[in-house]
Amino acid sequence: MEGLYTTANPNLRRLTVPLLIAYGPVFISLRHASDKKEHVFPRDIGDRSSAPYAFSQIAGARPGSPELRETYPPQKALHQSAHLRKHHVDVSSASRHCNTAQNTIKRLHDSCELQGQQSPPLHLSTRAAMAKFSFFFLSLVTIACASPHGYRDLQVHESRSSVPSGFTKVGAAPEDQQLTLRLGLVQSDFAGLEKALYAVSTPSSDQYGQHLSKEEVEQFVAPAPESVSAVKDWLQSNNLTSATISPAGDWLSIQTTVKQANAMFDTQFTTFTHEKTNTQSVRTMQYSIPAALKGRLDFVHPTVSFPAPDIKRPIISHPISPSVQNLTASGAAASCGTGAVTPACLQSLYGIPTTAATQKSNAIGVSGFYPQFPNSQDLKTFLQRTRPDISSSTTFTSQSVDNGRNPGGSGDDIIEANLDVQYTIGLATGVPNVFVFVGENTKDGVDGFLDIINFLLNESNPPQVLTTSYGFDENQLSRSVATNLCNAYAQLGARGVSILFASGDGGVGGGQQGESCRTFIPAFPGGCPFHTAVGATTVSRSGSESAATLSSGGFSNYFGIPDYQADAVSSYLSALGSTNRGLYNASGRGFPDVSAIGQDVEIVLDGELTAVDGTSCSSPIFASVVGLLNDGLIAAGKSPLGFLNPFLYSTGANAFNDITSGDNPGCNTNGFPAKAGWDPVTGLGTPNFAKLKAAVGL
C-alpha cells in the first residue's frame with residue numbers, strides 16, 4: 001500500500017511520497033501543533049519510538065479506514081505517482097527549493113527547510129530504510145514539482161517591450177471577461193521531423209519523394225506524455241479542463257476569465273484598440289508560467305501576439321478600360337501587351353498548357369477567411385470570357401473550418417476569394433479545386449491561421465498544393481507563435497503538400513502598404529523556411545517582366561538562413577554591398593523564393609471585369625503551375641512535389657525567367673534591387689513551365 005514519510009520540520013506539512021509497498025505498515029493519525037490538522041504517518045517511520053516533532057498521536061489507523069480511503073486506496077499495486085493527484089507536497093514558500101532538490105535525503109531536508117528554522121534530523125536508523133527512502137525520493141520531487149503549490153514559482157516566459165505600431169492601450173480588461181487561451185506543448189522531436197522533411201524533399205536524397213504518413217508525422221511532434229500530464233495537472237489544480245485541438249495533441253485549449261488568467265500567469269491582460277479598424281482585443285505585454293513547466297509548456301496564446309485585424313484585405317483593385325474589356329471579351333487577349341493580364345496571357349508568357357489534367361487524386365487547396373467566399377456566378381462569367389475552351393460550369397468544392405458558411409457577400413467581401421479561385425481554376429485546367437473556408441468565429445488569435453492548419457493536418461488526404469494570399473508582419477506575432485505555425489507547414493510538407501503564400505504587398509516595409517518604419521519589416525510567413533513565398537512582377541506591353549514595387553521581400557528577424565538557400569543569399573549580399581546596411585538582418589532567411597505577375601490581373605467581380613494588384617495574384621498563379629506539374633508526376637506513377645524549396649534552389653534553379661530590374665521600396669528607401677539570380681524582390685524568378693517539367697523528370 002501507499003505509505004507516507006515526512007521530515008520532522010513543522011513547516012513542511014503533508015509532505016508525501018507514494019511508496020509501492022505490497023502490504024503497508026500500520027498507519028497512525030497525528031495532529032500538528034500549529035495548524036491542528038490531522039496527518040497520517042506509517043507507525044514505523046524511521047523506526048521512531050515517538051511521534052515526529054510538533055505532532056501528537058491521535059489514534060491508530062490502517063489503510064482502507066474511512067479517514068484514509070481517499071488518500072490511500074486499498075489495493076496492493078499502485079500506478080505511477082503522477083496519476084495520483086491527491087498526493088501532493090505543501091512546502092509553503094520553500095516549494096521553489098524543492099523544485100531544484102537533488103536525489104539525496106540530506107538535500108531534500110536542507111533545501112526545503114525554511115529560513116531561520118532548525119529541523120531535527122531524519123531518523124532512519126537502518127541502511128535498508130535509508131535505501132528505501134532514497135529510492136522513492138525522485139517520486140517526491142516529481143510530485144513536488146507537479147503539485148499546485150509547486151506551480152507557485154512563476155517565471156517570465158514571453159514579453160514584448162512596447163505596444164506594436166497601430167495599436168493603443170485602452171486599459172485593464174474586465175476581470176469577468178471570458179478568454180479562450182491556446183496552450184502549445186513542447187513537441188517531442190521536431191528536429192527529427194525536420195531531418196525527415198529534407199530527406200524526402202531534396203532531389204539528391206535517396207528518400208526523395210517518399211513522403212511521410214499522417215501517423216509518422218504525428219509521432220515526431222506529439223508532446224511527451226509527461227508534458228501532457230504535467231500541464232493538465234496544473235490546469236486541474238486551477239479547476240480548469242482542457243480540450244485537445246490538434247491531431248498530434250500538441251495544442252490544448254482552455255476557457256477561463258481575465259481574473260483567473262491574470263493570477264495563473266502573473267500578468268495583467270489589457271484591452272487594446274487597433275487604430276485603423278477600431279477593433280479591440282485582449283492581450284498582455286508579458287506573462288509567466290510555472291518553472292516546473294519549462295520545457296513542457298512551449299507558450300500560451302493569444303498573449304503577446306498582435307496580428308492586425310485588417311490583414312484580410314490584401315489587394316488593390318482598379319477598373320479596366322473599355323478598350324481592354326472589348327479585347328478580353330472577344331478572346332483576343334492572347335498576349336500580355338493589352339493592359340490586362342488574363343489566363344491566356346499567362347499561358348503564353350510562362351508556357352502553361354491548356355490541356356486538361358487527368359488525375360482526380362490531385363488537388364489545389366485555396367485558403368479563405370471570413371467574409372471572403374468566391375461567387376460562383378462570377379466564376380462562371382470569368383470562365384466564359386477568359387477560358388471559352390473549357391466548361392463554364394467548372395467549379396470548386398468547399399470545406400468548413402470554425403463553422404464557416406458562405407455569407408453571400410459582394411464587392412470587397414469577395415474580391416480576394418474570387419481572384420484566388422478564378423485563377424487556380426482558370427489556369428490549372430482540370431485540377432480539382434478545394435476552397436478551405438475559415439468562419440467568422442475563429443478564436444485562435446491569428447485570424448484562423450492556426451485553425452486552418454490544424455484542420456488540414458487532421459485530414460488523411462489534404463490537397464497536394466495549398467495557396468494562401470494572407471499574412472502578417474513578422475513582428476506582430478511572438479517568436480513562439482511564428483515558429484509553431486512555421487513548423488506546422490513543415491508537417492504538411494513532409495506529407496507531400498506544397499505550401500505557398502503571397503509574400504506581401506508592402507515592399508521592404510512589411511505585408512501591407514503605407515506602414516511607417518525605420519528599419520525593414522519582414523512579412524510572415526515570408527521568412528518561414530518550410531514554405532514557398534511568392535513575390536510579384538509586372539509585365540510591360542512588350543511582354544518583358546520587372547519587379548513589382550509592391551512585392552514584399554527581405555530577410556527574417558526570426559528564422560536563420562536555411563542550408564538550401566545559403567549560396568543564393570550569399571551571392572546576393574555580395575553583389576548588394578553596403579546598400580541598406582543596418583536596415584535588415586543579413587543572417588536571416590531571405591524571401592520570396594519565386595514570383596509571378598502581380599499587377600493588372602483581370603478578374604470578374606459582381607459581374608464586371610476588374611483589374612487587381614498584389615502578390616495575392618502571384619501565389620494562385622504559381623500554385624496552378626505546381627498543380628499541373630503534380631498531375632503529370634502522379635500520372636507517371638511518381639510522388640507529388642511536396643515541400644518545394646530544396647528542389648527550387650537546386651535542380652529547379654535554372655527553370656525560371658530571371659528578373660533583373662526593379663526594386664521594392666519602403667521605409668523611405670528604394671528597398672532591395674532585383675539582380676541576376678535570386679533576390680529578395682522576385683526570388684529565383686517567374687516560372688518556365690517547360691523547363692520545370694523537365695527538371696521534375698517529366
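A Cβ is built for glycine as well, from the same backbone N, Cα and C atoms used for every other residue.
Small disclaimer: the values here were computed from a predicted structure and weren't measured.
Annotated in TrEMBL:
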- GLU416: active site, charge relay system (ACT_SITE)
- ASP420: active site, charge relay system (ACT_SITE)
- SER616: active site, charge relay system (ACT_SITE)
- ASP658, ILE659, GLY677, ASP679: Ca(2+) binding site (BINDING)
- 391-403: compositional bias 'Polar residues' (COMPBIAS)
- 340-698: domain 'Peptidase S53' (DOMAIN)
- 391-410: region 'Disordered' (REGION)
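Here the features listed in TrEMBL are painted onto the structure.
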residue: ASP420; record: active site, charge relay system; contacts (Cβ under 8 Å, 6+ apart): VAL366, SER367, GLY368, PRO374, THR467, SER469, SER616, SER619, PRO620
residue: ASP658; record: Ca(2+) binding site; contacts (Cβ under 8 Å, 6+ apart): ALA676, GLY677, LEU684, GLY685
residue: ILE659; record: Ca(2+) binding site; contacts (Cβ under 8 Å, 6+ apart): THR537, GLU545, SER546, ALA547, SER595, ALA674, ASP679, VAL681, THR682, GLY685, THR686
Please list the DSSP helix, strand and coil residue counts for the region 'Disordered' (391-410).
0 helix, 5 strand, 15 coil
Which chain neighbours of the Ca(2+) site, leaving out ASP658, ILE659, GLY677, ASP679, have a Cβ atom within 8 Å of the mean position of the site's Cβ atoms?
PHE656, THR660, ALA674, LYS675, ALA676, TRP678, THR682, GLY683, LEU684, GLY685
For the recorded positions GLU416, ASP679, work out the Cβ neighbour count at 10 Å and name the residue with the minimum.
GLU416
Model confidence over the domain 'Peptidase S53' (340-698), as mean pLDDT, sits at 96
